[in-house]
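Each remark here refers to the structure printed beneath this line.
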Amino acid sequence: MIIEEQVVLVDQQGRALGLQEKMQAHRDGALHLAFSVLLYRETTQGIEFLMQQRALGKYHSGGLWTNTCCSHPRQGETLEQAGLRRLTEEMGIVGLESLDDIASFVYRAELDNQLIEHEWDHVLIANGTELAIIPNSEEVKSYRWWSKADLELGLADTPELFTAWFPQVLQYVINELSSQ
């Protein structure tokens with residue numbers, strides 16, 4: 001039996017309205033709850049961010065670079081629980097105990113395959129120093145740690161290599177880390 005994945009629909013204030021099948025929500029462009037996790041580490045050269053290149057077989061944005069992982073919380077699941085679950089499912093990361101919810105924003109982007117991302121996206125962060133990474137090849141084509149400078153240069157020179165939501169996620173994380 002195939003279990004339908006559902007997303008939590010929200011209003012413009014982020015309040016839950018109900019559920020909709022995930023692919024239908026993306027065809028309709030329905031506003032729904034999502035999260036983007038970005039792990040960072042401090043090195044002698046500065047802060048680095050753990051990025052993944054989405055697997056080519058993903059239902060959208062395959063092959064593009066993005067934050068460590070992203071998805072949608074299930075009904076009754078907190079954003080932190082969902083973020084930790086997807087870190088394990090996508091990146092094979094276990095042992096991280098918590099994520100900080102630092103910001104949220106709404107974005108709408110028309111994607112490939114006639115899909116529309118319209119999300120109330122929460123930005124979740126944690127220090128990812130010394131975590132073992134064993135990516136799931138169905139989710140992740142590649143991964144690497146990027147410096148802030150390399151990311152800013154990549155976004156300026158080749159924005160088409162990154163997902164639609166990533167520039168906003170990165171800006172919120174940079175602002176948060178520079179205020180600490």
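From the backbone N, Cα and C atoms, a Cβ is placed for every residue, glycine too.
As recorded in Swiss-Prot:
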ACT_SITE  C70  active site
ACT_SITE  E119  active site
BINDING   H26, H32, H72, E117, E119  Mn(2+) binding site
BINDING   C70, E90  Mg(2+) binding site
DOMAIN    30-168  domain 'Nudix hydrolase'
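Within 10 Å of H32 (Mn(2+) binding site), judged by CA to CA distance, lie the following recorded positions from the set C70, E90, E119: E119. When the alpha carbons of C70 (active site) and H26 (Mn(2+) binding site) are compared, the span between them is 15 angstrom. Annotation note: E119 (active site) sits in a strand segment as assigned by DSSP. Summary of the Mn(2+) site environment: with the site residues H26, H32, H72, E117, E119 set aside, the chain residues having Cβ atoms within 8 Å of the Cβ mean position are V7, K22, A25, A30, L33, A34, H118. Taking H26, H72, E117, E119 as the recorded positions under consideration, the smallest Cα distance to E90 (Mg(2+) binding site) is found for H72. For E119 (active site), the Cβ neighbour count at a 10 Å cut-off comes to 27, with all displayed protein chains included. Other Cβ atoms within 10 Å of the Cβ of C70 (active site) number 26 in total over all chains. When the domain 'Nudix hydrolase' (30-168) is classified with DSSP, helix, strand and coil residues number 32 helix, 58 strand, 49 coil. All protein chains included, H72 (Mn(2+) binding site) registers 20 other Cβ atoms within 10 Å of its own Cβ.
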